[in-house]
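Below is one structure, written out as structure tokens, with a few remarks after it.
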Amino acid sequence: MKTGAQVWRALAKSCLLCAALGCLHLPGARGEKPDFFETNAVNGSLVRSRPVRSVDVTPAPTDCQLSTWSSWTACDPCQKKRYRHTYLLRPSQFYGELCDFSDKEVEDCVTNRACRSQVRCEGFVCAQTGRCVNRRLLCNGDNDCGDQSDEANCRRIYKKCSQDMEQYWAIGNLASGINLFTNTFEGPVLDHRYYAGACSPHYILNTNFRKPYNVESYTPQTQGKYEFALTEYESYFDFEHNVTEKATSKSSFKFGFKLDGLVEFGVRKESNEGRHYISRTKRFSHTKSKFLHARSVLEVAHYKLKSRQLMLHYEFLQRVKSLPLEYSYGEYRDLLRDFGTHFITEAVLGGIYEYTLIMNKDAMERGDYTLDHVSACAGGGFQIGGNVYKVYLKLGVSEKKCSDILNEIKDRNKRRTMVEDLVVLVRGGTSEYITSLAYKDLPTAELMKEWGDAVQYNPAIIKLKAEPLYELVTATDFAYSSTVKQNMKKALEEFQMEVSSCRCAPCRNNGVPILKESRCECICPAGFQGVACEVTNRKDIPIDGKWSCWSDWSPCSGGRKTRQRQCNNPAPQRGGSPCSGPASETLDC
């Protein structure tokens with residue numbers, strides 16, 4: 001029987017043969033539409049012609065490679081188990097063999113060492129979760145234990161809350177761990193269904209909410225006007241640095257993996273939205289295009305967590321208690337995979353609606369248009385309902401120019417225009433209906449109101465402040481908390497290196513590599529296909545530089561340590577852009 005990788009290799013060979021015979025087309029060559037990366041652009045130079053050959057040879061498959069097994073740990077006295085692990089040396093890529101087997105092993109063992117894992121509880125010890133709760137919480141109608149054992153064998157229930165109340169919007173994600181290396185929400189780490197017997201009603205928009213014990217504040221924000229901030233970019237390089245990288249980038253950390261202040265929570269590159277946005281905009285790198293970016297931010301609530309004595313979710317509590325005291329990366333890595341790298345301490349809830357008009361520079365010059373004209377008409381048309389005559393009076397743009405610009409935006413799918421594409425990214429309040437309208441045209445006042453109403457009841461976390469997960473490990477809940485905390489810190493450093501996409505080989509033609517578990521994939525700019533983005537009809541395009549992985553930190557010397565990286569993954573070619581950011585870092589130690 002063939003393995004999955006062998007099937008992929010056979011498929012890759014078939015595709016190459018098909019390309020050689022001229023039977024492989026890009027989406028749109030004969031009216032075909034790809035599943036998700038459908039483009040609204042009608043640019044003759046990029047879309048109308050079809051590829052007849054592969055410019056680059058498909059890279060050879062790269063097989064996944066794991067390290068050799070670590071030594072077995074000593075037998076853990078509390079778990080009566082010992083552990084060993086491997087780690088990822090090289091991810092699979094280009095249909096290479098996958099690492100589809102376990103990267104850790106656990107086996108039972110015997111030891112004479114005593115286990116002292118219990119933390120003294122002055123209250124009631126919950127039967128299954130092991131949580132310690134105050135005895136005054138017994139028989140109060142709430143599931144304070146998480147396993148209902150505090151409500152068992154009650155002669156009478158003394159309910160504090162006489163009426164049902166709702167949970168705060170987005171409270172599930174706020175209680176979850178978050179992997180800030182991948183921008184994903186993981187398992188629950190805080191119990192925001194625990195109220196410590198309190199019944200504190202909180203009315204927001206005529207809805208009665210019950211405030212969880214862990215939450216210090218959840219403050220609604222007054223819904224303001226839907227105003228777009230418009231920014232003009234004369235080149236793709238400026239647009240990518242100021243817009244795309246911020247919308248899809250991962251968080252950067254100071255020493256200790258702490259975030260400084262509130263930071264914007266970006267869209268995952270691996271998500272449908274992230275792939276779509278990157279593919280649609282990156283196709284215009286190194287073209288004569290100008291970019292008009294519009295952005296509207298709607299804040300509906302501010303959230304803040306208590307600073308101490310938090311009630312942990314019982315699933316997270318039990319997982320941390322089951323960790324071995326002797327460091328084993330495999331076990332601690334699994335904790336980070338399942339519960340994330342950080343937890344949220346503050347957040348701004350709401351939505352972000354942004355769109356980008358991509359304009360053909362030559363066509364604009366022929367028609368005597370500037371980005372100021374486009375900005376005035378696109379922004380003004382939304383603000384006053386699209387009345388072109390009023391835009392003409394208010395902004396000093398001729399009525400004909402505004403009318404022509406708005407018509408070209410509307411008709412960009414039907415004919416070749418100076419408007420090459422309209423790319424939309426919506427966070428918060430999204431629905432299929434709203435998204436389908438957003439992708440078709442510039443936002444109207446009616447659409448924005450509909451979106452704003454949806455954001456109110458389905459907000460996204462658009463900004464956050466977070467602390468590393470190990471900060472939840474305290475002596476209140478865990479014996480040997482300092483040992484476990486140090487182990488989690490060490491695992492976090494190793495985990496960051498293991499999951500970084502810098503470990504992927506470069507994609508061709510400015511494709512964006514992403515690492516998913518032990519496999520690398522390429523997000524291709526629209527107009528490029530293939531496992532490495534190697535299939536295209538465009539020739540000799542400039543290749544932008546990308547960073548290699550950071551080196552290990554140097555030994556601490558004079559209270560300082562350093563690390564380096566190189567702009568060679570790939571290096572800039574044919575006039576491509578250099579890597580942005582520093583090539584070295586220095587920290588106190």
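Cβ from N, Cα, C; glycine included.
Feature annotation from Swiss-Prot assigns domain 'MACPF' to 157-503.
According to Swiss-Prot, the transmembrane segment annotation covers 251-258 (among others), on the basis of similarity to another entry.
Look at Swiss-Prot and you will find 261-268 (among others) tagged as transmembrane segment.
Feature annotation from Swiss-Prot assigns transmembrane segment to 378-385 (among others).
Residues annotated as transmembrane segment in Swiss-Prot: 391-398 (among others).
Swiss-Prot lists Thr417 with the feature phosphothreonine.
Look at Swiss-Prot and you will find 544-587 tagged as domain 'TSP type-1 2'. Counting residues per DSSP class in helix, strand and coil order gives 0 helix, 11 strand, 33 coil for the domain 'TSP type-1 2' (544-587).
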Remote residues contacting the domain 'TSP type-1 2' (544-587) - C-beta distance under 8 A, at least 6 residues beyond either end: 237, 241, 245, 255, 285-286, 497, 500, 502-503, 506, 510
DSSP-derived class (H/G/I helix, E/B strand, else coil) of Thr417 (phosphothreonine): coil
Cβ-Cβ neighbours of Thr417 (phosphothreonine) (radius 10 Å): 22
